[in-house]
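Structure record follows, encoded as structure tokens.
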Amino acid sequence: MLPLLLRSPRLLLAAAKGLQQSRNVVTNRLIPYKQDLPPVGGYAEFDWNRIPQRPFPSHNKQFLAFILFTFFGLILYERGMFRYKAQQVEILDAKVAMQPLLFAERDRLYLRRIRRNYEAEAELMKDVPDWEVGKWYSEPVYKTVHPNHWLDPPEFEYWAHCDRFEYEKWYHWWYSA
Amino acid sequence: MSGHGAFFNTPLTDLTGQILTQQGDNNTNNLLCRALELQLFKCMEAAGVPNYRRACKDEFDDFMECRTLKKQQERSVTIQNERIRQFNEGTLKEKYLHNPELHSYGAPGWQ
């Protein structure tokens, strides 16, 4: 508001005038007063008569209007629902189309992390005697499972090289966020 | 299956037999335990009652490892202790790796 006032001199003048008018001026001057009187010819007669209600549309007309408005609303609703469902189908199509990409990215991150864990373990435990990577010392975790059989690690082993507090902090992330 | 079967079969034992084993569990997280338990049962059946403790030790250990994850936990704890020890010694530069991406593993519907 203030920049507008400063930019336009007319508005600025009007504001100044308003301020001047609203100021309380005290004078010694005699101010002529005007007696407040009734209008010429006197006041109008007060109407004591009852004002009847204007006639309302009949029951048939009301019912007809109800039917008309209802079907008009239904038509609008169905048009809107058609549009909404078409949008939902399109969104679902987009999700379905993106799912392989997202799954592939997720699996890539998973395998990269497992590789990183493997390298970190090999680097960390190289001086520990009898330690083999992926085993409990020289004993395999599952003795009868073929070593080439893929086994997903448990979550705590996936986070084994991280802060324990971080793992416990994020463990329930999917179920709380 | 020796040792895991009922003395006599009725519809009730058929219904409740699954809760004693892993074979009725359709949870996808439990597939390995189911397979290992089945191998254990087969081994027990082949070896017979007095011999199965010695003959099926590997199968039993694998099954218990799948159920309890004891060996995996000991492995993780050993790695973490070694990591902290080396960091306190000064031979390790970074105490921890960065966190894995949260959506990369363990999310609902991961499998």
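The backbone N, Cα and C atoms fix where each Cβ goes, glycine too.
Residues or ranges marked as disulfide bond by TrEMBL: B:Cys33-B:Cys66 (among others). A sphere of 10 angstroms centred on the C-beta of B:Cys33 (disulfide bond) encloses 20 other C-beta atoms.
Look at TrEMBL and you will find B:Cys43-B:Cys56 (among others) tagged as disulfide bond. A simple way to gauge crowding: the CB of B:Cys56 (disulfide bond) has 22 other CB atoms within 10 angstroms, across all the protein chains here.
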Nearest-integer angstrom distance between the alpha carbons (Cα) of B:Cys66 (disulfide bond) and B:Cys43 (disulfide bond): 17
Fewest-neighbour residue among disulfide-bonded residues, criterion Cβ within 10 Å, set B:Cys43, B:Cys66: B:Cys43
